[in-house]
């Protein structure tokens, strides 16, 4: 969507201003652009979507939790903590250890997150000198995600609620729609995501990561205001992908149909592994499963790094899952046949 590609540091305001001069509107694929730089671009007359007043809720977990509390959104019990002794007090106020500690900014894919089983284990998060958020460790049965898109004039669409399966803190597999999810609970999750978007003034794509508890509740884990890993399945599994709808939204164009194309779609992330050059692995996967969709990101292959994803779809969930898992495993090198 840009006429010229600009290589530069997103933390440098002069670089951002030079890029913005040729843009009708600016959006982003991660939340780490400094809020003050986005405000400066807005002051220069450049539309930024989502705007910095909304985006800060995806940048700062403390700000997010305070806002969600204020609008009565269900969340895990939480509090900003100042040191290991404060963590022990937080644990004593609830069900004790373990508790979850998170740096309020910068964490993703399990980074900046610690499961702490005693105050003796709580020192590490404070060494970075940034605020730390303590949360209760939720007894959840699975993780869900509600993905919605909202335009500047308030049109909004909701994708089916999905199940997100994590391995070592990193999203491994997404199943759309979430198998066996009660239709009423699915509707609640979609309505919750739409309400959060409206209350925060989100323009573009919003992913609401959720915990489903054993007693049938949903709790908000985190927010992302960009096309999200839990929505990558929409590239091949929905009538209009999250990427297309995000661009439509930030340009204030009519939003596309979010309905699924198939009964089941499964997305599996491809992590860097044994093959620095994946070309022959691609050929094998394409020949083995002609319906498979492979999306690679052009990144250098490093062990454990997300370098792409695969999408499969069909009427038989077990078959669709097996095909996605096989392709992702073969591309990584953990499966060799």
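Think of each number as a place in line: the chain as shown, counted from 1.
Glycine too: its Cβ is placed from the backbone N, Cα and C atoms.
TrEMBL does not curate its annotations; it predicts them automatically.
Database features (TrEMBL):
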type: BINDING; residues: 61, 102, 135, 136, 137, 138, 143, 221, 222; note: ATP binding site
type: DOMAIN; residues: 65-251; note: domain 'ATP-grasp'
Assigned conformation of residue 137 (ATP binding site) - DSSP reduced to three states: coil
Chain-internal residues, separated by at least six, CB under 8 A from residue 143 (ATP binding site): 163, 164, 165, 166, 209, 210, 211, 212, 221
Annotated ATP contacts 61, 102, 135, 136, 137, 138, 143, 221, 222, maximal Cα-Cα distance (Å, integer): 18
DSSP three-state assignment (helix, strand or coil) for residue 61 (ATP binding site): helix
List of residues, in chain order, with Cβ under 8 A from that of residue 222 (ATP binding site) and at least 6 apart: 58, 61, 64, 209
Cβ neighbours of residue 135 (ATP binding site) where a neighbour is any other Cβ within 10 Å: 21
